[in-house]
Amino acid sequence: MTTFVDNVTLHLRAGHGGNGCVSVRREKFKPLAGPDGGNGGHGGDIILVADPQTTTLLGYHRAPHRSSANGGPGMGDHRAGANGGDLELPVPLGTVVKDRDGNELADMSEPGMRFIAAPGGQGGLGNAALSTTKRKAPGFALLGIPGYEGDVVLELKTVADVALVGYPSAGKSSLVAALSAARPKIADYPFTTLHPNLGVVQAGDVRYTIADVPGLIEGASEGKGLGLEFLRHVERCTALLHVLDCATLDPGRDPISDLDIILTELAAYPVPEGQKPLLERPQLIALNKIDVPEGRELADFVTADLEERGYRVFEISTVSHEGLRQLSFALAELVEQGRAEIAAEPPRERIVLRPSAVNEQDYTVKVEGGSYGDIYRILGVKPERWVAQTDFANDEAVGFLADRLAKLGVEERLFKAGAIAGSTVVIGKGEGIIFDWEPTLTSTAELITAPRGTDARLDGDRRRTSDERRSTYFERMDAKAEARAELEREREAGLWKDSDHTEGTAMETEER
Ligand SMILES: Nc1nc2c(ncn2[C@@H]2O[C@H](COP(=O)(O)OP(=O)(O)OP(=O)(O)O)[C@@H](O)[C@H]2O)c(=O)[nH]1
Ligand SMILES: [Mg+2]
């Protein structure tokens with residue numbers, strides 16, 4: 001809606017976590033004195049910070065790739081790796097953070113507000129931290145997790161310092177054009193302006209922004225005319241400027257009653273929590289169109305009344321540019337005062353936004369059909385993180401992963417989903433990590449999850465049929481008979497002495 005919307009896509013790469021260390025302490029006369037491998041450091045976060053001193057996203061246009069530091073690896077002697085420092089990126093107030101699909105992630109509206117746009121990776125535990133009473137000397141450590149890598153889109157809605165309000169055709173857009181380089185549409189019919197126009201004014205050393213708002217009429221708060229909807233574009237303004245038309249030909253209208261009606265409508269506008277109601281902000285009055293003789297007369301006539309009500313009044317013409325200089329300096333003064341007040345305010349409690357929280361305990365088991373049979377896919381924060389932490393070249397580390405998965409109840413869930421021994425199980429998206437599943441559960445109650453009358457144990461191909469058993473039995477019997485016959489032949493041939501005979505008997509007992 002507003003003009004001057006700045007837009008930039010940031011490519012972020014947060015620091016990776018450092019790997020944990022495997023190390024064993026050595027002491028004199030005690031070469032294996034316990035594990036002492038330190039933990040890896042955490043990768044640094046990339047944090048957006050709403051900063052009143054920053055006014056543009058230009059710096060990010062020029063350098064859109066940003067990354068934070070990696071965590072250091074753990075070391076022996078219980079030395080932990082250093083954490084990677086966070087990277088803070090200042091953004092102007094009013095910056096809206098979105099993902100690539102346009103979903104809003106954060107509105108950086110409060111000074112000092114922080115948004116963790118890319119969290120750093122967790123460091124891996126060293127073998128010292130992994131030792132327990134049961135596992136006294138772990139021969140493995142956990143790997144560090146990669147930091148978040150992805151894009152965010154920053155959108156800046158420029159926030160006007162001064163909002164110009166008034167009736168349609170009062171000359172608001174003309175005034176924006178006269179004070180700044182902006183060239184909004186100007187015409188002699190009501191509601192020419194359909195969205196706010198923004199202009200930058202330079203008055204002496206002070207530079208500030210002004211925005212006109214579509215004209216307001218009586219009943220605007222009930223939706224008449226274009227309603228009050230557009231005031232949200234200026235609801236963060238420091239000051240208001242009432243533009244009053246002194247040369248209107250409408251019967252029944254005059255600057256004073258126009259002002260009263262606008263004030264009533266503005267009073268009905270609900271500002272967001274934590275902001276000053278519009279009418280409690282500083283306000284100036286511009287009596288416009290004094291290049292028209294009747295206009296000047298009327299302006300002179302009402303000035304005293306308005307001043308009595310406490311307003312500073314400026315008689316101006318956007319055509320002849322009379323009075324504009326004084327007006328622009330008076331506005332600059334208000335803006336400067338407002339800025340000083342904000343700077344003097346005690347810093348608000350820091351608001352920290354994190355990327356949408358997910359339930360870490362949650363995971364899903366999905367069955368996917370494939371050309372090699374069913375695949376059981378496990379998706380979830382914890383299982384996927386654990387896999388990332390596992391050094392698959394280390395059997396102990398793999399065993400530790402299996403224990404963790406079992407504790408989470410993954411086996412039971414796989415059974416319920418229909419997995420059997422030898423099924424293909426994938427953890428994570430895409431290729432993920434692929435396992436041939438070997439269940440460790442053995443108790444009958446857990447095994448019998450199939451309908452009554454069937455039993456998962458019978459489905460396995462490891463159980464022999466009775467035919468198979470019978471044939472092995474006969475094979476063995478034949479072999480025994482063969483061995484006996486052989487011994488008999490040897491004895492008859494006189495190869496045996498009596499004392500050796502016992503061996504044959506012993507062999508037979510063993511065979512039984
Ligand atoms: N004579 C004279 N005419 C003016 C002056 N300022 C504006 N006008 C005329 O008034 C008419 C309305 O001016 P705009 O600037 O479009 O008024 P606006 O307040 O923006 O009106 P909306 O956008 O409809 O709310 C135009 O025809 C302008 O030329 C002035 O100082 N003197
Ligand atoms: Mg206009």
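For all residues, glycine too, the Cβ spot is worked out from N, Cα and C.
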Checklist entry - What range among 40-65, 66-91 does TrEMBL describe as region 'Disordered'? => result 66-91
Checklist entry - Quick one: DSSP breakdown of the region 'Disordered' (66-91) into helix, strand and coil? => result 0 helix, 9 strand, 17 coil
Checklist entry - Hey, what's the Cβ neighbour count for Ser169 (GTP binding site) at 10 Å? => result 22
Checklist outcome for this item: In the three-state DSSP scheme, Thr192 (GTP binding site) belongs to coil
Checklist entry - Which binding-site residues, if any, among His195, Lys289, Ser317 have a Cβ under 6 Å from ligand 1, given in order along the chain? => result Lys289, Ser317
Next on the checklist: Please report the three-state DSSP label of Ser317 (GTP binding site).
Outcome noted: coil
Checklist entry - Do you know offhand how many angstrom separate His195 (GTP binding site) and Ser173 (Mg(2+) binding site) by C-alpha? => result 11
